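Asker: The structure's right below; bear with me while I get my questions together.
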Amino acid sequence: MLEVANLNARYGRAQILNGVSLSLGQNEVVAVLGRNGAGKSTTMKSIMGMVRQKTGQITYEGQSILGKPSHAICRAGVGYVPEERRIFGELTVEENLEVGRRDKRDDAPEWTLEHLFELFPNLSERRKNLGKQLSGGEQQMLTIARTLMGNPKMVLLDEPSEGIAPVIVEQMANVIAELKREGLSVLISEQNLHFARLVSDRAYIIEKGSVCYDGTFGHLDQNPEISNKYLAV
Amino acid sequence: MGFYFAQLLTGLANASSLFLIASGLSIIFGVTRIVNFAHGSFYMVGAYLAYTIVTALNGGIFGFWFSIIAAAAIVGVIGLLIEMTILRRIYRAPELFQLVATFGVVLIFQDATLAIWGAEDLLGPRAPGLDRAVRIMGEPIPEYDLALIAIGPAVLAGIWLLFHKTRWGVLVRAATEDREMVGALGVNQAWLFSAAFVLGAFLAGLGGALQIPREAVSLQMDLSIIGEAFVVVVIGGMGSVSGAFVAAVLISVLNAFAILIFPQISIVLPFIVMAVVLILRPYGLFGKPGSEHVGTEEPEQPLKLMSQKSTMVLLAAVMVLAFSPAVTADFTSILLVDVMVATLFAVSLHFMMGIGGMVSFGHAAYFGVGAYAAAMMVKFLGFGMLPAMLLAPFFAAAAALFFGWFCVRLSGVYLAMLTMAAAQILWGVTFQWQAFTGGDDGILGVWPAEWASSDKVYFYIAFVLCLGGIWFLRRVAHSPFGYTLRGIRDSQTRAEAIGVDTKFHQWMGFVVAGSLAGLAGVVFAFSKGSVFPDTLGIAQSIDGLIMVLLGGIHALAGPIFGAVAFVMIEDWVTRLDYWRFIFGGIILVVVLLAPDGIAGGVNRLIRAILPNQKGGAA
Ligand SMILES: Nc1ncnc2c1ncn2[C@@H]1O[C@H](COP(=O)(O)OP(=O)(O)OP(=O)(O)O)[C@@H](O)[C@H]1O
Ligand SMILES: [Mg+2]
């Protein structure tokens, strides 16, 4: 589905990624772990075409998407859920969803408003409210729903569990399970190892802009020194 | 009572046109983040086109209103062409480049309009069916004013429906908040930007077209409206259409009454209101702090100390300059004084923008205060040249101290707008206060002292003052104070976190830049022998911006290159017919081909020719 090889990225003079390589298979949920500032978000933004200075290969369904503008990448079926939520505060919930709406694709499940409101009942109650009036957790739900309105095949989820209440984290885990059931492929960036283990099939760890672990959660659990070294547990 | 009501209605009628142009500007800014100086040109061209179509059709009520809409639609198409050929290439460039590019468009439009419609003011016909006055509370009110009063809110309602009931409008509002995110959700920004630009241009054209029954169509319409339109946008909050409406009404109605008490106020009133609003509400009445996600901008390149080689080149140039009066004619010395004045002015502006990170649209204020202070000391207080030269920059410093205190409370475009407001207030006062400043007639007879009156001697005085000023600014740029300023520019939060008083540093940076601009103004005043209100005007401020941007903001040598190139080009081009057209064209070529300015372009050229050497000038 997605193949990233030897990706380098920089902001101005600061080199952030040094040869990141990772892959995501069809209908797989894969976590990218790493500490604050390790380069998880930069990896996702690079895939999404939101970092301009980058080299390497990014292949999506056999086609290179490196250097493509982000709207083209989105239209190819990649959904992106940013870490700081970035909902449109002055737009209502429905309007936020409208911005994300794209035509149905043959090769991906279709998400209707009804289906999304079923999945996120809180949003349904607040559909006429402005984005800025929602709670943090509701905003997090809204960003995901907004991305799903684009009927993506693959979703990049940047730190979905960050800064939200434990009950909502649980709800978030269900949502990700639902995405997998629907046949989507999901790349999640996480700092929370427990949450990542709960929802994903395998993991990468990024440290200082390079991948330093690639394997299963089982292997991570048997070798706690890895998590101790690379993750803030 | 009736009289006051009539005054209110006049104010409201004025507000309608102002709202149309300002709402277009606000929409364009909201979506594309471009501060579109050419918006006044759209307004002017709309009026000219409407004049031509109305007189050609001469078709009664229907023909009149058809002509108005047609003129606005043509302006919309012109806007589309400009967006696609020019602006689309520079969306990622620093905002100043965009501003200067749109100013290039202003110049081109001025001469194109002159070529097509001629220099004479054109008096349009009255609106058929609305050409009389009705009596309201005993006062005659033009029917057309009443129509305008209705058109403003009608357009506002139309825009509201468009923005809330169509998918396109929802996308525009979303893009105003976070356009990068809108792109990541699959919306092609190029298309959205073009559409916003067309709508904005259409509204400006409509505003201009609707003016033809009320005022003569003239070549001054563009720059006379643009300042006020900016003010309305800023007061309302950039990107907010309803804010623009409220602000247009506020300004126009206040103005309608203020002129009863104090007729001269109308030039400065909008700027005073703006200054007050921005101090109370830094993002305008309805504005929000701009989204942080306007695009993944790269942080500014750090300034490099000059390499030894380029220092040598610069020293050699200074030596040649120092000996030039011995071998060149007097008029060359005079031109070289202009170059040195412009260079000091540009370097001081660069200090404020490149080092201090504060973009100024009104740097001429301090240049002008320096020039006027010197002129007034000589004329009214009988000072000699040298004492006047030494004291006048302190007046510029005092003005910078005063306005800077307000300005550094804001940032980004709002700061830039407040600097412009400051300059316009000073300009208005100078222009209006005939008894004190000579008003439009300026102050004449500000000549150097007897011993300095030869062009060659004055050349050396200018040489010492200007080069001394430039040297001083460079020293400050590389002092701990300069590094702190740059730290604040790159990350205000980080600087605050380590305990730096960022506002105070910026304020002092503002004062340093202002004083040196004042010094440039002083040298200028004595070299010309006179001062006029233009020294404080928008055009002078923009000249400075063009110099800095021609040179390239990232290099310390940039403003030097830029000022030299600017004065040389200007000296040559202004002798030609349609020089504005040519000059605007040159600006556009530079902006499109060398977005990092002349210094950056030279750097790239050197690297291309000598691939194994590091770039020279920095
Ligand atoms: N726009 C930017 N400009 C400059 N540097 C940036 C920018 N965005 C991120 N960085 C830097 O890049 C590095 C990696 O950031 P990134 O956001 O990818 O980390 P992350 O792994 O997602 O961390 P977190 O868990 O805190 O979200 C950090 O050092 C950060 O300061
Ligand atoms: Mg992150």
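Glycine is treated like the rest: Cβ placed from N, Cα and C.
Remember, TrEMBL labels are computer predictions, not curated facts.
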Asker: Select from B:144-163, B:364-383 the stretch of residues annotated by TrEMBL as transmembrane segment.
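Answerer: Here TrEMBL associates transmembrane segment with the stretch B:144-163.
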Asker: State the residues, same chain only, that lie 6 or more residues beyond the ends of the transmembrane segment (B:457-473) and have a CB under 8 A from a CB inside it; answer 'none' if no residue qualifies.
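Answerer: That would be 318, 321-322, 324-325, 333, 336-337, 340-341, 343-344, 347-348, 351, 389, 448, 451, 512-513, 516, 519-520, 522-523, 526-527, 560.
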Asker: Of the listed stretches (B:64-82, B:144-163, B:257-280, B:415-437, B:507-526), which one yields the highest count of Cβ-Cβ distances below 8 Å with the transmembrane segment (B:190-210)?
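Answerer: Highest pair count goes to B:64-82.
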Asker: As a test: from B:64-82, B:144-163, B:257-280, B:388-408, pick the stretch that has the greatest number of Cβ pairs under 8 Å with the transmembrane segment (B:415-437).
Answerer: B:257-280
Asker: Would you confirm whether the transmembrane segment (B:144-163) and the transmembrane segment (B:388-408) meet the contact rule of 3 or more C-beta pairs below 8 angstroms, pairs 6 or more apart in sequence?
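Answerer: Counting Cβ pairs under 8 Å (6 or more apart in sequence), the transmembrane segment (B:144-163) does not reach the transmembrane segment (B:388-408), since there are fewer than 3.
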Asker: In the same chain, which residue numbers or ranges, 6 or more beyond the ends of the transmembrane segment (B:257-280), come under 8 angstroms Cβ to Cβ?
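Answerer: Non-local partners: 4, 7-8, 11, 227-228, 231-232, 234-235, 250-251, 406, 409-410, 414, 417-418, 421-422, 424-425, 427-429, 431-432.
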